[in-house]
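*Asks:* Can you read through this structure? Questions will come right after.
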């Protein structure tokens, strides 16, 4: 499967009593589709997947696929620090009809590089759904090397990587290594760092899985489309229009600022699930100022 464009890592809205806000989630899905996004990710990091029960995880993916109704691509988060559990979650995503699965590297147990390859190979062997590997060492404690990602690209069914190591140099080396192996046409690099999406795409990336697009989808879509159309002047303008909001959205742990911003903007988000909690007052003011300057409130 080819991944190109703007994918939104959706938040999971909750009601005041802590349940999934199905009506709000469906509303957000339609709001984002109306803004022109390529695809939507449910039950990812931005969706507070770590604190969803298995039943809630499945419900989020079910609602997503049902409400989208084939209008855009659907991606289900299905990673775990247990290979067995990751296989079961990925099977569930496939059974529910998701177009792809986003599989984060195992976290906390810090598997070796060769173990990461075996992990993704096992998931691919057990399923037929396209897999996007997710490299985010700041959260997992393990950073997939360029060499490891190239090996993943050789696995049938692993079609892309969401690269969130924060290193543009690494993306350069990765694209060069993929090209050397003749894999660059069949394996996509997707930005996992909203503020680095422009340089990552300029170096061979084909899109973004964006948390900030929950808050400012229109500009992100326009920037990504501009890059894909080789209009880097317009892309640069949009990047600078967004960058202060992007920075403010990561001033505390994602999705704390994103849900705060959405609540301020009147979009369904609701409360956070413990252990995440409300933003510090001074950071809320920084966020509000960024939203005002970007004409989002």
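Quick reminder: no glycine exception, Cβ is built from N, Cα and C everywhere.
From Swiss-Prot, for reference:
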- 45: site 'Part of a proton relay during catalysis' (SITE)
- 46, 209: pyruvate binding site (BINDING)
- 108: site 'Part of a proton relay during catalysis' (SITE)
- 134: active site, proton donor/acceptor (ACT_SITE)
- 162: active site, schiff-base intermediate with substrate (ACT_SITE)
*Asks:* Let me know the DSSP-derived helix, strand or coil state of residue 209 (pyruvate binding site), please.
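*Replies:* Looking at the DSSP assignment, residue 209 (pyruvate binding site) belongs to a strand.
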*Asks:* Can you check what DSSP calls residue 134 (active site, proton donor/acceptor), collapsed to helix, strand or coil?
*Replies:* strand
*Asks:* Compute the C-alpha separation of residue 45 (site 'Part of a proton relay during catalysis') from residue 162 (active site, schiff-base intermediate with substrate), stating it in Å without decimals.
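*Replies:* If we compare the Cα positions of residue 45 (site 'Part of a proton relay during catalysis') and residue 162 (active site, schiff-base intermediate with substrate), the gap is 12 Å.
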*Asks:* So among 46, 134, 162, 209, all listed as recorded positions, which is physically nearest to residue 108 (site 'Part of a proton relay during catalysis')? Use the C-alpha atoms.
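*Replies:* Checking each of 46, 134, 162, 209 against residue 108 (site 'Part of a proton relay during catalysis'), the shortest Cα distance is to 134.
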*Asks:* Could you check the recorded positions 108, 134 and say which one's CB has the most other CB atoms within 10 Å?
*Replies:* 134
*Asks:* Would you count the other CB atoms within 10 A of the CB of residue 162 (active site, schiff-base intermediate with substrate), including those on all shown protein chains?
*Replies:* 27
*Asks:* Given residue 46 (pyruvate binding site) and residue 162 (active site, schiff-base intermediate with substrate), what distance in Å do their CA atoms have, once rounded to a whole number?
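*Replies:* The separation of the Cα atoms works out to 14 Å.
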*Asks:* Between the Cα atoms of residue 162 (active site, schiff-base intermediate with substrate) and residue 134 (active site, proton donor/acceptor), find the distance and write it as a whole number of Å.
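*Replies:* Taking the Cα atoms only, residue 162 (active site, schiff-base intermediate with substrate) lies 5 Å from residue 134 (active site, proton donor/acceptor).
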